[in-house]
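**Q** Below: one structure in structure tokens.
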Amino acid sequence: MRSITALFFLFCFLVPSALAQLRFGFYGRSCPRAESIVANVVANRFRRDRSITAAFLRMQFHDCFVRGCDASLLIDPRPGRPSEKSTGPNASVRGYEIIDEAKRQLEAACPRTVSCSDIVTLATRDSVALAGGPRFSVPTGRRDGLRSSPNDVNLPGPTIPVDASIRLFAAQGMTTNDMVTLIGGGHSVGVAHCSLFQDRLADPAMDRTLNARLRNTCRAPNDPSVFLDQRTPFIVDNAIYGEIRRQRGILRIDQNMGLHRSTSGIVSNFASSNTLFRQRFAQAMVKMGTIKVLTGRSGEIRRNCRVFNNGR
């Protein structure tokens with residue numbers, strides 16, 4: 001209860017403009033089983049595939065950092081009408097079918113009530129807890145966007161300089177601490193294809209043992225993938241920050257956070273305290289989930305998360 005209360009007051013302080021409509025327990029009367037339905041769908045899939053935590057963290061980040069948390073990423077492209085899904089940065093986003101199943105059950109229980117954007121937020125939150133990360137409450141009441149265009153997608157790549165990443169996060173109302181928390185936390189359960197970290201393999205500062213192991217893996221055909229956190233790849237924890245401090249960050253952005261003057265201290269603090277990381281990760285996730293949300297009568301509540309209600 002203390003953690004929930006603390007997050008509530010943090011939410012009030014950080015995002016007062018969203019507070020008027022987003023709130024904890026938004027579906028308490030209109031769809032009392034909403035959160036439990038999503039949690040059950042996610043738990044059933046997690047028992048078969050623990051990698052869904054990484055998938056949902058990526059999905060929510062890629063959705064919120066384009067037009068805000070409005071589920072615009074979920075819209076399928078159509079002939080002559082591409083969507084955010086059509087772009088290169090979103091080609092590796094997955095887990096849409098889990099959102100579809102949650103939506104199907106929610107529409108059966110409470111038609112036209114629970115937004116797709118809230119489903120993404122709840123599913124991500126639940127998958128983090130299942131992966132050993134912090135348990136936290138998230139405010140709900142988002143509505144779904146009415147636009148999904150590839151022209152809006154401008155997401156950071158794995159070699160983005162730290163200063164540029166700080167500016168990108170700041171443009172979304174996120175701090176440098178939020179950035180280090182979300183990038184490291186997301187990568188704690190993530191994977192990367194070898195083609196995305198060739199620059200690190202050429203870096204003489206990289207841990208030699210890890211470098212040799214990665215080079216061996218990357219000799220295989222079809223651009224194999226590796227865990228970004230070599231210690232606890234299925235647990236949302238602070239282990240990746242310790243790896244970064246030992247020159248074992250696999251992506252350039254991860255390693256550079258451990259070297260840059262604005263972020264190295266944050267990396268060290270998280271490496272030294274999983275408790276601190278868990279607290280900040282929960283706070284940063286709640287905050288990210290409020291980026292440019294649609295509430296009230298804005299947007300819509302989609303019946304099918306892949307299609308706008310008017311069929312466009």
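Start at 1 and count along the chain as shown; that gives each residue its number.
Glycine is no exception: its Cβ is also placed from the backbone N, Cα and C atoms.
Just so you know, TrEMBL annotations are computer predictions that nobody has curated.
TrEMBL feature annotations, pasted as is:
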BINDING   PRO156  substrate binding site
DISULFID  CYS31-CYS110  disulfide bond
DISULFID  CYS64-CYS69  disulfide bond
DISULFID  CYS116-CYS305  disulfide bond
DISULFID  CYS194-CYS218  disulfide bond
DOMAIN    21-309  domain 'Plant heme peroxidase family profile'
SIGNAL    1-20  signal peptide
SITE      ARG58  site 'Transition state stabilizer'
**Q** Can you tell me which of the recorded positions CYS110, PRO156, CYS194 is spatially closest to CYS305 (disulfide bond)? Compare CA atoms only.
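**A** For CYS305 (disulfide bond), the spatially nearest of the recorded positions is CYS110.
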**Q** Looking at the domain 'Plant heme peroxidase family profile' (21-309) alone, can you tell me the average pLDDT?
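**A** Mean model confidence (pLDDT) across the domain 'Plant heme peroxidase family profile' (21-309) is 97.
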**Q** Tell me the Cβ neighbour count for CYS64 (disulfide bond), meaning other Cβ atoms within 10 Å of its Cβ, over all protein chains shown.
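**A** By my count, 25.
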**Q** Return only the integer: C-alpha distance in Å from CYS31 (disulfide bond) to CYS116 (disulfide bond).
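**A** Roughly 14 Å, rounded to the nearest whole number.
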**Q** With a 10 Å radius around each C-beta, find which of these recorded positions (ARG58, CYS69, CYS110, CYS194) has the fewest other C-beta atoms nearby.
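**A** Taking ARG58, CYS69, CYS110, CYS194 as the recorded positions, the minimal 10 Å Cβ count falls on CYS110.
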**Q** Using CYS64 (disulfide bond) as the reference point, find which of the recorded positions ARG58, CYS110, CYS116, PRO156, CYS218 has the shortest Cα-to-Cα distance to it.
**A** ARG58
**Q** Can you tell me which of the disulfide-bonded residues CYS110, CYS194, CYS218 is spatially closest to ARG58 (site 'Transition state stabilizer')? Compare CA atoms only.
**A** CYS194
**Q** Closest to CYS194 (disulfide bond): which of the recorded positions CYS69, CYS110, CYS116, PRO156, going by Cα position?
**A** PRO156
**Q** At the Cα level, what's the spacing in Å between CYS110 (disulfide bond) and CYS218 (disulfide bond), rounded?
**A** 48
**Q** Between the Cα atoms of the residue listed as 'substrate binding site' and CYS69 (disulfide bond), what distance do you get, rounded to the nearest Å?
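**A** The separation of the Cα atoms works out to 17 Å.
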**Q** Roughly how many angstrom lie between the C-alpha atoms of CYS69 (disulfide bond) and CYS116 (disulfide bond)?
**A** 10
**Q** Around the Cβ of CYS31 (disulfide bond), how many other Cβ atoms lie within 10 Å? Please give the count over every shown protein chain.
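**A** Other Cβ atoms found within 10 Å: 17.
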